[in-house]
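Engineer: Next up is a structure, given as structure tokens.
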């Protein structure tokens with residue numbers, strides 16, 4: 001029996017060699033080393049004495065770059081979370097789904113799922129001080145989910161930078177006394193182009209709403225001058241990249257590279273401009289917007305409360321998905337940003353503050369958007385419903401057209417597209433930082449050559465993005481936008497939440513937070529992490545799959561093979577979760593049962609305190625008896 005126990009202990013525990021006998025030392029000292037997330041905490045006691053346990057953490061000695069100032073971190077998180085979706089999606093969703101009534105499920109999901117997930121990722125990154133992949137040293141079998149979110153962040157960079165390039169193209173085009181989308185006398189306009197001043201009443205639009213009408217100068221500027229997609233027959237007919245957009249994309253990539261090449265020391269300074277500028281612009285646009293005729297009608301439509309809408313499951317699903325995507329959990333960005341915090345930083349307060357600012361920004365932007373939409377409806381004699389839209393149609397067609405009719409239109413156009421540019425830049429910086437931090441923490445050779453790796457990453461996103469700025473690039477863009485970070489990111493965060501809450505353990509995670517900040521999370525947070533958030537994510541994943549529709553762009557329906565390619569893109573990131581788990585089990589010696597036992601002992605449901613009774617403690621590694 002003794003021999004069997006010895007063999008088992010060698011297989012399942014770390015047993016350091018005995019030190020030579022020291023005749024002068026008369027007491028027996030037991031040194032227990034508890035390894036938490038790669039951070040070793042030692043507790044020693046001397047038999048026969050009342051010496052208090054002493055603890056030490058290698059995290060205090062870890063040499064890792066930190067933010068220059070606390071404000072650098074806060075602005076970086078706010079800049080990442082507050083992105084284009086806050087402006088071009090939330091206001092329309094709020095209007096479409098019952099106005100003020102939509103805020104009920106939105107705020108509810110914010111508190112029961114959004115904030116807990118936001119808090120969890122910040123705490124996870126800060127405690128372990130690692131990127132999205134290596135943070136899973138807390139439970140290595142889940143490391144695949146780290147690679148999943150890194151790949152997804154990379155995929156998003158492929159097409160998100162294209163939106164920034166479009167914004168830059170519009171910005172350059174705005175430096176004229178007369179905005180190019182103001183009239184139909186341009187070389188790119190079709191013979192069917194119609195002056196907006198001649199459109200008064202929906203009867204002149206046929207079956208289309210004004211927001212979907214393709215013959216206005218603004219719509220033709222976007223589709224025929226910027227995209228040129230009228231020259232493509234579909235996704236099978238991409239043709240060559242637009243050289244003007246290629247130059248804009250080069251500028252965007254250079255901005256990203258020089259913002260990130262020195263790590264958070266450089267990116268932390270860029271966000272002072274990119275994270276604050278949108279608020280200045282939104283305030284200017286709101287002040288101008290509420291002075292326009294019809295503005296109050298637009299704001300009333302935005303806030304109109306229709307409680308009957310809450311009877312529709314679609315409203316709740318859209319509120320859930322919006323709060324998830326708006327806060328940006330699951331992309332590895334929050335983990336990466338928090339990993340550069342000081343160990344004792346109060347990430348609880350940061351999570352509450354930044355997530356609240358993000359949601360308030362979404363609500364506030366709705367006033368700036370709908371005051372102008374009310375003006376547009378007033379000018380053309382149509383209802384708010386006719387001009388309300390979301391996405392690129394809002395920020396690249398409807399809003400620029402409204403700006404072009406105002407006195408000082410050039411000034412407001414420049415301001416507006418600077419806002420879009422900054423909203424996109426700091427969100428793209430966050431995504432690229434997640435990729436860089438995640439991989440440089442995992443592969444030390446990349447860390448030693450961070451500047452080169454940053455350049456390779458930026459250049460790689462540029463090469464793939466070229467597909468999105470061809471004359472048929474809008475189809476590639478739509479494909480990536482639909483599949484690259486749809487169901488896959490929801491799946492990734494679901495696995496992450498389950499891994500932290502059920503495999504690593506909420507109690508152990510709470511102890512980690514207590515070591516950082518001196519207090520444990522309350523019962524509310526622990527219940528959300530263990531039950532509410534995983535259930536919320538599971539429902540959203542199922543809803544995402546069930547509501548998948550035929551892929552199309554306007555009237556163009558994508559071929560069947562394009563949908564297969566899309567699901568292939570989604571699966572290419574999700575497959576890292578099971579593949580890495582299988583690899584981890586197969587790479588360990590012994591039978592499946594033995595390997596499972598190793599993981600059970602290494603990652604038990606409950607963690608041991610430093611003064612736990614040895615018979616009840618399975619997480620301790622007995623390193624040595626020191627005589």
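Glycine is treated like the rest: Cβ placed from N, Cα and C.
TrEMBL does not curate its annotations; it predicts them automatically.
Since we're looking at a predicted model, the values are computed, not measured.
So TrEMBL lists these for the protein:
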- 79, 81, 82, 86, 326, 358, 423, 426, 427: Na(+) binding site (BINDING)
- 44-58: compositional bias 'Polar residues' (COMPBIAS)
- 184-193: disulfide bond (DISULFID)
- 44-63: region 'Disordered' (REGION)
- 71-90: transmembrane segment (TRANSMEM)
- 102-124: transmembrane segment (TRANSMEM)
- 145-172: transmembrane segment (TRANSMEM)
- 243-260: transmembrane segment (TRANSMEM)
- 280-303: transmembrane segment (TRANSMEM)
- 323-340: transmembrane segment (TRANSMEM)
- 352-377: transmembrane segment (TRANSMEM)
- 397-423: transmembrane segment (TRANSMEM)
- 452-477: transmembrane segment (TRANSMEM)
- 483-506: transmembrane segment (TRANSMEM)
- 527-548: transmembrane segment (TRANSMEM)
- 560-583: transmembrane segment (TRANSMEM)
Engineer: For the transmembrane segment (452-477), what are the same-chain contacts with Cβ under 8 Å, counting residues 6+ beyond its ends?
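Structural biologist: Residues 154, 157-159, 161-162, 165, 227-229, 231-235, 237-242, 245-246, 249-250, 253, 256-257, 260-261, 432, 435-436, 439-440, 446, 553, 556, 558, 562.
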Engineer: Where else in the chain does the transmembrane segment (527-548) make close Cβ contacts, counting only residues six or more beyond its ends and a cut-off under 8 Å?
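Structural biologist: 109, 112-113, 116-117, 120, 317, 320-321, 324, 486-487, 490-491, 493-494, 497-498, 500-502, 506, 509, 521.
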Engineer: From the Cα of residue 193 (disulfide bond) across to the Cα of residue 79 (Na(+) binding site), what is the distance in angstrom?
Structural biologist: 38
Engineer: Test of understanding: give the count of other CB atoms lying within 10 angstroms of the CB of residue 326 (Na(+) binding site).
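Structural biologist: Within a 10 Å radius of the Cβ of residue 326 (Na(+) binding site) lie 23 other Cβ atoms.
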Engineer: Take the transmembrane segment (102-124) and find every residue of the same chain, 6 or more past its ends, with a Cβ under 8 Å from one of its Cβ atoms.
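Structural biologist: That would be 77, 93-94, 135, 309-310, 315-316, 319-320, 322-324, 326-327, 329-330, 334-335, 337-338, 347-348, 350-352, 354-355, 359, 363, 493, 496-497, 500, 509, 512-513, 516, 521, 525, 528-529, 532-533, 536-537.
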Engineer: List the Cα distance (Å, whole number) between residue 326 (Na(+) binding site) and residue 193 (disulfide bond).
Structural biologist: 36
Engineer: Any contact between the transmembrane segment (280-303) and the transmembrane segment (397-423), i.e. 3 or more CB pairs below 8 Å with pairs at least 6 residues apart?
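Structural biologist: Between the transmembrane segment (280-303) and the transmembrane segment (397-423), contact is present.
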Engineer: Same-chain Cβ contacts of the transmembrane segment (352-377) under 8 Å, 6 or more residues past its ends?
Structural biologist: 74, 77-78, 81-82, 86-87, 90-92, 94-95, 103, 106-107, 110, 114-115, 118-119, 210, 278-279, 282, 285-286, 289-290, 292-299, 301-302, 323, 326-327, 383-384, 386-388, 394, 398-399, 401-403
Engineer: Before we move on, state whether the transmembrane segment (560-583) and the transmembrane segment (397-423) share at least 3 Cβ pairs under 8 Å, counting only pairs 6 or more apart in sequence.
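Structural biologist: Not in contact, no.
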Engineer: Tell me which residues of the chain lie with their Cβ under 8 angstroms from that of residue 193 (disulfide bond), as long as they are six or more apart in sequence?
Structural biologist: 184, 215, 216, 217, 220
Engineer: Of all the recorded positions here, 184, 423, which one's CB has the most other CB atoms within 10 A?
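Structural biologist: Output for this query is 423.
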Engineer: Given the Na(+) site residues 79, 81, 82, 86, 326, 358, 423, 426, 427, which other residues of that chain have a Cβ within 8 Å of the mean position of their Cβ atoms, reported in sequence order?
Structural biologist: 78, 80, 83, 85, 278, 328, 361
Engineer: Same-chain residues six or more away whose CB lies under 8 A from the CB of residue 82 (Na(+) binding site)?
Structural biologist: 275, 278, 357, 358, 361, 423, 427
Engineer: What's the number of neighbouring CB atoms sitting within 10 A of the CB on residue 427 (Na(+) binding site)?
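Structural biologist: Counting Cβ neighbours of residue 427 (Na(+) binding site) within 10 Å gives 28.
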Engineer: How many other Cβ atoms sit within 10 Å of the Cβ of residue 79 (Na(+) binding site)?
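Structural biologist: Other Cβ atoms found within 10 Å: 27.
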